[in-house]
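Per TrEMBL, these features apply:
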type     : residues : note
DOMAIN   : 1-213    : domain 'GH16'
SIGNAL   : 1-22     : signal peptide
ACT_SITE : Glu99    : active site, nucleophile
ACT_SITE : Glu103   : active site, proton donor
CARBOHYD : Asn107   : N-linked glycosylation site
Amino acid sequence: MARALPLYSVVLLVCLLGFGSAGDLNKDLEITWGGDRAKLLDAGNTLTLSLDKGSGSGFQSRNQYLFGKINMQIKLVHGNSAGTVTAYYLRSDESRWDEIDFEFLGNLSGDPYIVHTNIFTQGKGDREQQFYLWFDPTADFHTYSFLWNPQTIIFYVDGTPIREFKNKESKGIPFPKSHPMRLQSSLWNADDWATRGGRVKTDWTQAPFTAAYRNFNADQACIWSTLGSSSCGNGSSKNDSWLSQQLDSAGRQRLKWVQRNYMVYNYCTDSKRFSHGLPPECSV
């Protein structure tokens, strides 16, 4: 039985749930596909994506970022969400792209969501880690965050780190640091693999499936311009301390707590899948 969230994480969770200034999401985000399945509501303070048998839907950030600390609150599809995937990720545009993924894999009513994470460098992923959550992500909004700087990538849920991928280029391991990425999100049907390896299919009688978003915050991020320059390091007064931020001892303890109690898959321990040897970062 997993233990309760430590007190310091509860305090941080309370702070993070209120993080991010409410505002018109249309200023920062644009709907990219799905037609009227994607909607801006509440004077632009809330964005919803829906999936029906005809199509899913998606949006992306208007800006590209080369490093950033990016937060957004999401309330996932409730009820029987089996077969659906709510993807929330950073991705570059190149054919050999970089990508930092949260994917929320739906499940039957009463069964937990799986948080699927992955990191692509130069078009190659295969770095999956999966987790259960310690709360119901469909009952309310929760904050999902990326910290991406030249030293590390950290995935956070309500301020609690669940995954860290350090820059080990000195050991010959690629790290995404050269290509600006855009925040994207989509809700789509993936019942060929998403729930129990594709054994449970989407129940279209439950459609439309809807996820909701609010409080996008990329104030601590380096905006990449079309001229090929960054908003960071140009002498501005913006606080760029996050550019060198890494986990402190308390953060490392929270990370260990999550991975010990809620991790359900780690590519670095899957010797059957990687029969010729685990990826090099797993032994560094």
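Each position is counted from 1, following the chain as shown.
Note: Cβ is positioned from N, Cα and C throughout, glycine not excepted.
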*asked:* Between the Cα atoms of the residue listed as 'N-linked glycosylation site' and the residue listed as 'active site, nucleophile', what distance do you get, rounded to the nearest Å?
replied: 25
*Cβ-Cβ under 8 Å from the residue listed as 'active site, proton donor', same chain, 6 or more residues apart: which ones?*
Val85, Thr86, Ala87, Tyr88, Tyr89, Val115, His116, Thr117, Asn118
*Check each residue in the chain of the residue listed as 'active site, nucleophile' that is at least six apart in sequence and keep those whose C-beta is under 8 Å from its C-beta; list them in sequence order.*
Tyr89, Leu90, Arg91, Ser92, Asn118, Ile119, Phe120, Gly125, Pro176, Met181
